[in-house]
Structure formats: structure tokens, C-alpha cells
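Asks: Not my notes, these are from TrEMBL:
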type: DOMAIN; residues: 125-182; note: domain 'P-type ATPase N-terminal'
type: TRANSMEM; residues: 179-198; note: transmembrane segment
type: TRANSMEM; residues: 331-350; note: transmembrane segment
type: TRANSMEM; residues: 356-376; note: transmembrane segment
type: BINDING; residues: Asp416, Lys417, Thr418, Glu538, Phe580, Lys604, Arg633, Thr713, Gly714, Asp715, Arg795, Lys801, Asn824, Asp825; note: ATP binding site
type: ACT_SITE; residues: Asp416; note: active site, 4-aspartylphosphate intermediate
type: BINDING; residues: Asp416, Thr418, Asp821, Asp825; note: Mg(2+) binding site
type: COMPBIAS; residues: 455-478; note: compositional bias 'Polar residues'
type: REGION; residues: 455-484; note: region 'Disordered'
type: TRANSMEM; residues: 882-904; note: transmembrane segment
type: TRANSMEM; residues: 910-930; note: transmembrane segment
type: TRANSMEM; residues: 960-980; note: transmembrane segment
type: TRANSMEM; residues: 986-1007; note: transmembrane segment
type: TRANSMEM; residues: 1014-1034; note: transmembrane segment
type: TRANSMEM; residues: 1040-1066; note: transmembrane segment
Amino acid sequence: MAEQIPLYPVRSAAAAANCKRATYFSAAGPGPGAERSSRYQLEDESAHLDEMPLMMSEEGFENDESDYHKLPRARIMRRKRGLEWFVCGGWKFLCTSCCDWLINICQRKRELKARTVWLGYPEKCEEKHPRNSIKNQKYNVFTFIPGVLYEQFKFFLNLYFLVVSCSQFVPALKIGYLYTYWAPLGFVLAVTIMREAIDEFRRFQRDKEVNSQLYSKLTVRGKVQVKSSDIQVGDLIIVEKNQRIPSDMVFLRTSEKAGSCFIRTDQLDGETDWKLKVAVSCTQRLPALGDLFSINAYVYAQKPQQDIHSFEGTFTRVGLLDLELNQLTKALFLALVALSVVMVTLQGFSGPWYRSLFRFLLLFSYIIPISLRVNLDMGKAAYGWMIMKDENIPGTVVRTSTIPEELGRLVYLLTDKTGTLTRNEMVFKRLHLGTVSYGTDTMDEIQNQLMNSYSQVQSQGGGNNASSTPPRKAQSSAPKVRKSVSSRVHEAVKAVALCHNVTPVYEARGAAGETEFAEADQDFSDDNRTYQASSPDEVALVQWTESVGLTLVNRDLTSMQLRTPSGQILTYCILQTFPFTSESKRMGVIVRDESTAEITFYMKGADVAMSTVVQYNDWLEEECGNMAREGLRTLVVAKRALTEEQYQDFENRYNQAKLSVHDRTLKVAAVVESLEREMELLCLTGVEDQLQADVRPTLEMLRNAGLKIWMLTGDKLETATCIAKSSHLVSRTQDTHVFRPVTSRGEAHLELNAFRRKHDCALVISGDSLEVCLKYYEREFAELACQCPAVVCCRCAPTQKARIVKLLRQHTGRRTCAVGDGGNDVSMIQAADCGIGIEGKEGRQASLAADFSVPQFRHTGRLLTVHGRSSYKRSAALSQFVMHRGLIISTMQAVFSSVFYFASVPLYQGFLMVGYATVYTMFPVFSLVLDQDVKPEMAMLYPELYKDLTKGRSLSCKTFLVWVLISIYQGGILMSGALVLFESEFVHVVAISFTALVLTELLMVALTVRTWHWLMAVAELLSLGCYVASLAFLNKYFDVAFITTVTFVWKVSAITVVSCLPLYVLKYLKRKLSPPSYSKLSS
């Protein structure tokens, strides 16, 4: 059965084998995973390595140079028992276990069984299968309100205010109007529900767009158009060229004669290379598509085996700033309880003291500001709007509006390679012949030499009988040096044009999907020809030979045809093909020139594999190093001429080896290696994988910003290393340590100890070796890898990418960001604290699953250093100022109660409390989301400013305590001053203190602002105007006659100056004596 993975067919009819929402299954056997597990069981024999821990300090190397050291076993922690276990975390374990048990009971999964799928008859399926639809929504109609409420009240802040608001229904505890508590809480919930509803609706629209893609379904009555979500198990689907396959499918038939089809597995492993697949032979031989219904066939598949790690449901992300604020809220609650207990204690515990305690808890409840959540949520929405409106990063979409400030706290950036850092577009850059090198600016010389060479051949031999190699008589007329170079160029280009697995494809003139295979309807012109191969490198080489004059025009399983610059067609018979493998690192082909009957063995591969099979030379190693430093992917090309007798002897031994029962692979390899001796070195080619625009400066900027960048790719080691160097992920002066392949615990132990000796070098490791290291030495590997300036993980499966992200989060506790563009990157993106998806050639899966979507990788630089930095600093300032606003009024309440014999009587009631948190101070405080310390251009020019954010200094215990002290000072001054200056009536105290409080808050906003925006000034004037205008309507709280006197004005002014002026002086002195880093850049 064909591989059931998202593929790129040329044009095929397929049967949907299984449709599973957001999950891919494979009906193949257990696969390599089963082999790996059994291999690890054998490795358990090396359990004695437990007594040989890895050396994690330099002292071990100084004392003994051996790789193993007899060290004592790790200490086993004492197991806690009884009450100690319960208090120290046992209760949490019990609750988690009970919840997991209930979830398993409620969501008991259906047992997976083998399936029988009838071709073209979904109604015959006995088992009911889920819909083939993508769903990224978090809620449905019934769970939306409960889910949103749960997400809000799981935070201590909102839960606390819910309890406080409910307490006002108890008459003995009521200290004010109900709306003073329920109105702010209702406003917060309304804003949250609206925001979640908007996000949910956008997710619904994105899912609908994906699920509404149309596909051609083959029925008994002909073709019909169906939506992707309406495809059922057993349907026959016609997939056109370059169309994404909508579900797991079996490859039944194609319009190509041989039943071949080139597919891409980029949604599985990130590789965008074309892979040749062959349709089921019995269905391919059918005369017409309609015969698929007459054969009455079915597919029997074993039970589904999960092939790709998938996330069912949705992830709710919570930013680090929210967690930090949640901790500070708990600290404020402890302060609230302590202050209330002190008040009751000073009261002497007289009367029903417990009721007084609860009333004090209510009076001081403004210590924990309920408006904190709504201000932060609205601020995050504003940050998202600013990001999407930034003209410097057009096309950026904020898909999760809850964590924009996370972009300012990142330490690890994990990125995919293909489609993220590179365009996956290969361009031929250099041809080196040993004595002469040709670059992009001298390719015309190759074209001229090739044209002259073939024209000489045609003139000497005439017609199609001419030899493909210039005869000596023709060469003698040219100078000796010119003759030598021309001949070598000719042989090198011909070798590159013949040694590959590329197939030219021509579009049919008729309608796609026709049952007749008429080649006469195909257009064989150059403009209609495209190349398909298992590697983009191969296509780049063949396209280059076409550009210099030698064109591949046709190829099948037994022959290929080349067209010379003069239009002559050269036909070669393909005798043997040796495909590229990761073990051999080379590929070869044996061809016979039909015009001369010459047999030639061509081979190309990596320099490490080819250096031992070519004749002695003194330039190959040096030039390979030079090209690698330029970021080029190198291939060494060689040939060996064979006589008819040599080839027949090889063919007999080769066929005999392929029929061997025991050690077949080794015997076949030995026969092939008998040919790979003393081969003639022809040339060295250099191909460049085009990087995305501005990748190098972006990576350099992020590195200077303090981010550690890891590249996780499914590509092979050599390619990943080459891209890491060309993109400057690894600097040219930096050493690279390639982790040797390990398969056992002992090998991993030795290799990790060898890597421990290296200092300040980038690590390159394969997925298989990584799996072994994480199985036995997870902590040690994480410790060593985190010390590297850069890490490259190649041949990574999607599950490994996600596991690496989780490892970094658990081991370091730092914030991680994953960047990818394909479906194979979704698990990595969702496992990270912050996910960035790139809309590229590999589809929109990563973009839809990510928190932020950008068109190009270079936009991540501005997204992090500008928007991430400003979002975090603004949120930190906003949250601390909102807490200050609650602390200062609670301090005034405490002073007031202390003066009046510790009475639990509110200082301000009714509308004054609601107005203070809303119209009087809300707009100026919220305008802090527009503040910035440096201009965006300066933040990108000096990315080092980003480093300070990772330390969390903008919102820390130190800054929090500073704001607490400011609040206590100002609250004490305002209340004490009002009590000292009032004359006769208590209402004057309320008028003086409240007015001074509002003015103080407006002045403190002005003190906090670093760069003024015109909207900030409007907010200040608007709030002041609203308060002055409302004085005329607050007869219940203020004496209107008193507030219009000069006495009221000077008393309020005096108290306000005393509360604010010292802070202005301290800020001025601090900026002069210890200016922040950004102030130096601003000046």
C-alpha cells in the first residue's frame, strides 16, 4: 500500500483510506520505530554505565584523561511519607490523578481496529469514521460561556473579586452599593467574552476556508465537486497537479503510462524533494477511470498507527507576564489579610471581630485592582492592532491576542530550515575543474566551449554517428592548453547531464485526467518542459546543463536523450542505476552511448565519500572547503570507462548478489564497490540553496539581542550544516562539532564526554543520535547543548522537534519561540511558549496553528526587537501603575480608619469608587500602551537593548516594592494632609482628599511617560475635564459651595505638590546620576 501522507501528485486518482481530523495515520507496519525500541532493549545490557556518570565539570578532565570515571551513584532523594508527602505536593498529585481518571472515563477512546474500505462505495463501510475536517476552534456553542468563565476565574485576581462581589448579598457584610463591585466585574467579563468571541469567530472563518477547498470526486455518473470536509472513507478522489492531498489516501492510478507519480512529503518531514511513487499495478492497468467501480475491489488495512504527533483540541496559552502578575496578586492578597488582621488587633477584637475582619477585607479590597485584567487585555488587543498595522512588516497577523508581550521575553528561538530560512530554490553557482574555476559570471565561456566541442564532433563524424567525445584529430588544431580545458569542460558537463535521477515532464494539451495516454497530444517544446527529481539539487544541475547547451529532453526507466547545442539528439541506454543513500552519500549510473557503444560508469557524491574512490589529486579537499565556506553544497563528479567484458562480468556478479539469501545488502555493496576504484575526477560542482531575503542580518540581529538560535530540520546533515554556515547561524570563525552517530548507551556516553571537551562551538546532531542521548542522558545533553552558541538538529521528526522545545522549557525555565512554515512544524510551534508561522510554499498549516503569522522570516527581527520589547515594557508599566492606583486608595482607607478608632467605615462610597477606577483615571492610565523609551529604528539598530528584557527587570520584586513604597507615601500624604487642613465638616475631607487623589494620579501618569503621544495629552485633559464637570452633579458627596472657594483650591494644590514633587525630583536625579541604557541612545 502506498504511503498515506500529504503528497503532491502529478495527476492521479486515489481512494481515501482514512480521514482523521488533524491527525495522520499510516497503515504500514510498525516501521523503524519498532526496530528502534528493540534496539534500545538490547542496549539495556549496558546498565553498568549507571556507575559511570558523564563528566560535567572541568576537574574530571584535569585529573584523568580517560572517558570513563568511576564516580559514586547519584544520591536518591528521601521519599516523603504521610502528612509530609501530602503537604509537599501529594494533594496536587491526588487531584491530578482524580481529574485524569474522570477525563479517561468521560472521553474513553474507541478501540482501533483493522478496516475494510470498498473502492468508491463509502456506504459499505461498517465502521463510522469521523469527518474529514480541520478544527482549530477552542469552544463550541455549548462550551463557550463555561469555558471562558473558567479561563478567567482560574486566575486568583478574578476569583477573589467574584467572592468579594458575592459577599455584598450578605446584609451584615454590605459596605456599599452592589454596582460598585458588580459593575467593574461585569465590565471585565464582558470585554473578555467579546475578545474571545472575536478570536473564536476568526478561527472559525480560517477553518471554514480550509475545509471548503474543492476536490473532484469520481462517481458512477462522472465527476462531481466536493468540499474537503465532505470527503468520506472510500471515495475516489482525483487530485490534480500541485494540489494538496486532503486526507490519507491510497495511490491507485495516474495519467502517466508507467503509473509513476512524483510526490512531496513536506507535511510529514519538511522535505520538499520530489519522490517517485508507483500506483497499484492492477488498478493502473484498467482501460478507463470508470472501471474502478466495476472491479468491485476493497482495501484491507490494519488498524491505524499514528504516524505524526498531533494535538487534538486546542492549546490555551498563558504568558509569563500573566503568571508573574498572578504571583504578585497573591502577595497583595497576603498584604490585604495582614493589614485587616492588624486593624482588628488594634481594635482589640471587640464585639463580633470576625465580621469586622471581613469588612476590613472588603474595604481594603482595592489593594487588588480588578481593573488590572481588563487593562492588560485591552492593552494586548492594542499591541496586536499595532503589529498588524505596522507598514514595515506587511501581512503580519496576530492570531492569539493574549501573549504579545511574550515576544519580549524570549531566550531560545527554534526555527525550521526549508521554507523558513531558505526558499528551497537551488541555483548552480560554480564549476571547478582543478586548474580552472567557472562562476556565474563566466558561464558563457562554458557555453562557447561546449558549442565548439560538439560542432567539431559533428563535423568530424557527421550526423548521429558522431562520437560524443571530440576525436584527437579535431583537438590537434587547437592550442594544447585550450584543447585540454575544452575537453575537460565537455566531459564534465556531459557527466552532470547524465548522472542523475531527473525526469523531464511535459504538460498534455488536452484536459487533465483523461483516460487515454496519447503522447501526440503533448507539447515537447522547451517552454512546456519541467524537471522532477528526488532532490532540488538534481534539478538545479540539469537546469544548468540546459542553460549551457546540453539539454535533457527525455528519460524513462531504460534510456535518456540529450540535445546538443547544435540540435543533435544523443541517446544513452541506462544499464544500471545506483540511487543515493544516506550511508553511501553518493549515486551512480552506468550508461551505453548508442552511437559508439561505449560504456561509462558515472558517479557523484559528497567529498567525504568520493575522495577515496577517485585518482590522486591535490586540489579536491582544499576546493571543497573553500566552497563550503561560501555556503555552497558541493558534489564531486567522476567517471570510469568500462569495456563490454568488464561490464558483463560486473552484471553477472551484481545479479548473483541480488539473488543472495544471506547478507544480500553487504554483497551487493561489495560488488558495486569493485567498480568504485581509481575513477577519473572530472569536476566539483557548487549549488546554493537560496536564502530568504535578509536572513543573514536578521539572524545576526537576533543573536546580538541575546537569543540562542536552534535549527531543527528534517533535511540531511550535510545540507543542514551548509545552510547553517551560509545563513551565518554559525559564524565563519566558529568551530562546528558534528556529533558522531550513536546507537547505544556506551557510544552516547563516549561521544558526550568528547563533546564536553569542546568550548564555544556549534553542535550538529542527527535525529537518531539525539533520540539515544535523550533516552539515557537527557539532563546531561540539555546542559551541554544549552551552552552552545548555536545548535543544528538534522533528520528531525516532528515529534522530536516538539520534544526538544519541551526539553528546553523544562531544563532552562526560559521562554522559547518556534518558527516554521510547514505542517511538520505545527507540533513544535504549539509546544513552544510562542509560535510564529510563515505562509510559504509548504501550505498554511503552520501559519494557522501559530500565535503570529508573518510572510517572511526577516519580519521576526522587527516583531521581537520592536513590538515584543515595547509590548512587554508597556504591559509592565501599565500593570504596576494599575496596582499603584489600588494601593494608594487602600492606604488612604487605612489612615482614615486608624484616625477614627479603627472603624470599618468606607472613606469613599458609591459613584466615587466607580468613577475613580473608570472615567477619572482610566484613559490616562491606559494611554501608557502608547509609551516608548526608544524609537523603533533605534531598537533595531541596537538589538542589545533586548537582552535586559530576559532578566525581567521591568516587572520584578524590586520594581513592585518601589511602587508599593510610592503608594504608601502618597496615600499617607493625601489622607493626612486632608485631615490636617479640613476645618469643620467631614465632607470637606472627602472633597479635598479625593480631588487631590485624582490630580495625583494624572500627574503620576505624566511622570511615568517617557515619550509623549498626542493621545496621551488628550486622555489627561479629557479625564480632568470629566472630573471637573462631574463636580456639579456630586452633591451627595461634595459641598458644592466649598469646592468653588479659593481655600479648597490651595489646600488641594498644596497636598498634591507635596505628594508628587519629591518623586519628580528623585526621577530627575536618577536620570542624571544613573541614566538607563536607552536614554544614552535617545540623546
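Residue numbers in this text run from 1 along the chain shown.
Glycine too: its Cβ is placed from the backbone N, Cα and C atoms.
TrEMBL: automatically predicted annotations, no manual curation.
Walk me through the surroundings of each of these features.
Replies: Secondary structure counts, DSSP: the domain 'P-type ATPase N-terminal' (125-182) has 29 helix, 0 strand, 29 coil.
Residues 156, 160, 356-357, 360-361, 364-365, 367-368, 883, 887, 890, 894, 897-898, 901-902, 904, 960 of the same chain lie 6 or more positions beyond the ends of the transmembrane segment (331-350) yet place their CB under 8 Å from a CB of it.
Within the same chain, residues 966, 969-970, 973-974, 977-978, 981, 987-988, 991-993, 995-996, 999-1000, 1003-1004, 1007, 1031-1032 sit at least 6 positions outside the transmembrane segment (1040-1066) and bring their C-beta atoms closer than 8 Å to a C-beta of that stretch.
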Asks: Which residues of the same chain, at least 6 past either end of the transmembrane segment (986-1007), have a Cβ under 8 Å from a Cβ in it?
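Replies: Same-chain residues near the transmembrane segment (986-1007) but 6 or more away: 881, 884-885, 888-889, 892, 907-908, 912, 916, 920-921, 924-925, 927-928, 970, 974-975, 977-979, 1016, 1020, 1023-1024, 1027, 1037-1039, 1042-1043, 1048, 1051-1052, 1055-1056, 1059-1060, 1063-1064, 1067.
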Asks: Among the binding-site residues Thr418, Phe580, Arg633, Arg795, report those whose Cα falls within 10 Å of that of Asp825 (Mg(2+) binding site); none is a fine answer.
Replies: none
Asks: Do the transmembrane segment (179-198) and the transmembrane segment (910-930) come together with 3 or more C-beta pairs under 8 Å, pairs six or more apart in sequence?
Replies: yes
Asks: Under 8 Å, at least three CB pairs between the transmembrane segment (1014-1034) and the transmembrane segment (356-376) (pairs 6 or more apart)?
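Replies: Between the transmembrane segment (356-376) and the transmembrane segment (1014-1034), which are separate recorded stretches, there is no contact, as judged by 3 or more close Cβ pairs.
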Asks: So, do the transmembrane segment (910-930) and the transmembrane segment (960-980) meet, by the test of 3 or more Cβ pairs under 8 Å (sequence gap 6 or more)?
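Replies: When sequence-distant Cβ pairs are counted, the transmembrane segment (960-980) does not touch the transmembrane segment (910-930), since fewer than 3 lie under 8 Å.
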Asks: Near the transmembrane segment (960-980), which same-chain residues lie under 8 Å Cβ to Cβ, leaving out any that are not at least 6 residues past its ends?
Replies: 328, 331, 880-881, 883-884, 887-892, 894-896, 899, 989, 992-993, 996-997, 1000, 1004, 1051, 1054-1055, 1058-1060, 1063
Asks: When neighbour density is defined as the number of other C-beta atoms within 10 angstroms of a residue's C-beta, which of the binding-site residues Arg633, Arg795 has the lowest density?
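Replies: Comparing Cβ neighbours within 10 Å for the binding-site residues Arg633, Arg795, Arg795 has the fewest.
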Asks: Which of the binding-site residues listed here (Asp416, Thr418, Gly714) have a Cα atom within 10 Å of the Cα of Asp821 (Mg(2+) binding site)?
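Replies: Candidates kept after distance check: Asp416, Thr418.
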